[in-house]
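**Student:** Relevant sequence annotations retrieved from TrEMBL are reproduced here:
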BINDING   12, 13, 14, 15, 16, 17  ATP binding site
Ligand code: ADP
């Protein structure tokens, strides 16, 4: 069975930078955020279930999901969030499992910002946390997305606290230097993972 590495970290920690590096080494990366978007694409059964559960307002005129309206709705109503997650989480999980099993690289990575929060780490054999101080997270994420500091702060608050993730992760790379420094640490880990 192919070794599955779970890769996580808070917003702006450097998960995508790390994933991209692993991809350059020929490792297949399954991105939980991308899967979450794929399962609600037009024509997918999951989108039909959301439509049935919430009504016509969840669809745009072109039949695609009105993400903004849905986001605002579940933000106001925790019960609605639960209903949505009961529909989406099993579909996301199934698709992740399928994509992990289809990978042909020496090992495979599942990258997810909410790896521990959503129990996706249970789909993996080993976990790697890309860690950064909150200050760096805010600096990097605001430069990348142009989001306000308050918005990023809110996202950080909604994620599992850094210390808790440090306790749960099998490996930790502190991404507090240049990208070359990050790659240097990843290279050593990659050599180990190749032997798993
Ligand atoms: P995440 O996927 O965890 O949200 P990213 O990998 O997208 O984070 O990193 C956030 C931003 O910071 C990106 O623009 C990325 O290029 C940059 N970045 C990540 N790590 C470093 C680093 N060590 N030095 C400089 N910039 C970095």
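Using N, Cα and C of the backbone, Cβ positions are placed for all residues, glycine too.
A TrEMBL annotation is a machine prediction, not a hand-curated record.
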**Student:** Give me the sequence-ordered set of same-chain residues, not including 12, 13, 14, 15, 16, 17, with a C-beta within 8 angstroms of the centroid of the ATP site's C-beta atoms.
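**Tutor:** Result: 9, 18, 130, 132, 140, 175.
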**Student:** Which secondary structure state does DSSP assign to residue 16 (ATP binding site), in the simple three-class scheme?
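**Tutor:** In three-state terms, residue 16 (ATP binding site) counts as helix.
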**Student:** Hey, what's the Cβ neighbour count for residue 17 (ATP binding site) at 10 Å?
**Tutor:** 16
**Student:** Any same-chain residues 6+ apart from residue 12 (ATP binding site) with CB under 8 Å of its CB? Would you list them in sequence order, or say none?
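**Tutor:** Those within reach of residue 12 (ATP binding site), by Cβ under 8 Å and sequence separation of 6 or more, are 132, 136, 137, 138, 139, 140, 141, 142, 144, 152.
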**Student:** Within 10 Å of the Cβ of residue 13 (ATP binding site), how many other Cβ atoms are there?
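**Tutor:** Total other Cβ atoms inside 10 Å, all chains included: 28.
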